[in-house]
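Note sheet for the following structure.
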Amino acid sequence: MGQRNSTSLHDFILLGFSDHPKLEMALSGVVATFYLITLVGNTAIILASLLDSHLHTPMYFFLRNLSFLDLCFTTSIVPQMLVNLWGPHKTISYGGCVIQLYVYMWLGSIECLLLAVMSYDRFTAICKPLHYLVIMNPHLCLKMIIMVWSISLANSVVLCTLTLNLPRCGNNLLDHFLCELPAMLKIACIDTTAVELSVFALGIAIVLTPLILILISYGYIAKAVLRMKSRAGQRKAINTCGSHLTVVSIFYGTIIYMYLQPGNSASKDQGKFLTLFYTIITPSLNPLIYTLRNKDMKEALKKLMTVDHKFTKSKRNWKS
């Protein structure tokens, strides 16, 4: 116990891509660019869906939550990541690492469950259109969001506590650019099989179970769409569901490859690039995916830009 306590308070050294300084410089620019896109895109979706009364529906309520989640997710990671990529001192305090690990796992779990909730919303809208607003009432939507955040928090507390309680025997070199659970497991100085099995079991519950529910929902949605007689209705259903399926495919594909592989067969650098992809690039793509084929969202964004332009113009006139 004394050994565990003495080693657990050390600062951690984040190795990142320290063997490739030119790659680190290039990645820092990429990360900063995609972070800016994430901030602008997701903030625009939140504001547009709030200001346009036509978008005060369950679908856009969940989309706002996804955009807010992506903002929180990237903001909890990117500042430290940029410090690690740019700065000469690639260290993070024990307390900072603990907070980052808990928040990272919490927000990542939320996205898994939230995408499943969004698929249920689409299932209800397309398969039970006459009862949609009755079933997906504001009270139920709020309860679903609270459940998603609460279950994800419990998952994060369990997994991170198990990982952080492992003795490290002075090992403080994390072969990553952030405090991620697999990297923390690798520096433990005891057999981590039991913890890895716990991670795998909870991974099935948090990742695979929602994915199965999503696939079942879209099976019913596909049947309903094929039965539609209206081409316009089919097109609208395909556009809204296609956007969600694209996000699901990108996010779940990366997560499953990263966390549910037996024996952690991904190479070290490959794992780092995959982490970059689903923590930085995916949140920046979500606004584009949800707006490119969504006429309602496009119109709302145009209105938002018009309001912003008028406000800027009136401000200039007032100053002059």
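Cβ from N, Cα, C; glycine included.
Nobody curates TrEMBL annotations by hand; they come from automatic prediction.
The domain 'G-protein coupled receptors family 1 profile' feature in TrEMBL is assigned to 41-290.
As annotated by TrEMBL, transmembrane segment applies to 25-50 (among others).
The feature transmembrane segment is assigned by TrEMBL to 62-82 (among others).
Through the fold, the transmembrane segment (102-120) approaches residues 59, 62-63, 65-66, 69-70, 72-73, 76-77, 144-145, 148-149, 151-153, 155-157, 159-160, 178-181, 206-207, 210-211, 213-214, 217-218, 244, 247-248, 251-252, 255 of its own chain, all at least 6 residues removed from its boundaries and within a Cβ separation under 8 Å. Feature annotation from TrEMBL assigns transmembrane segment to 102-120 (among others).
Among residues of the same chain six or more beyond the transmembrane segment (140-164), those with a C-beta under 8 A of the stretch's C-beta atoms are 8, 58, 61-62, 65, 98, 101-103, 105-107, 109-110, 112-114, 117, 181, 184-185, 195, 198-199, 202, 205-206. If you look up TrEMBL, you'll see 140-164 (among others) marked as transmembrane segment.
Taken from TrEMBL, the feature transmembrane segment covers 200-221 (among others).
Per TrEMBL, transmembrane segment is recorded for 242-260 (among others).
Sequence annotations record features per position, and here TrEMBL assigns transmembrane segment to 272-292 (among others). Only residues 6 or more beyond the boundaries of the transmembrane segment (272-292), in the same chain, are considered here, and those with a CB under 8 A from a CB of the stretch are 16-17, 27, 30-31, 34-35, 37-38, 41-42, 44-45, 63, 66-67, 70-71, 73-74, 77-78, 81, 176-178, 180, 243, 246-247, 250-251, 254-255, 257-258, 266, 298, 301.
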Task: Beyond the flanks of the transmembrane segment (25-50) by 6 or more, those residues with Cβ under 8 Å of it - done: 17, 56, 60, 63-64, 67-68, 70-71, 74, 78, 81-82, 85-86, 276, 280-281, 283-284, 286-288, 290-291, 297, 300-301, 303-304
Task: Positions on the same chain near the transmembrane segment (242-260), where near means CB under 8 A and six or more residues out - done: 108, 111-112, 115, 118-119, 122, 182, 199-200, 203-204, 207-208, 211, 214, 218, 266, 271, 274-275, 277-278, 282, 285-286, 289-290, 292-294
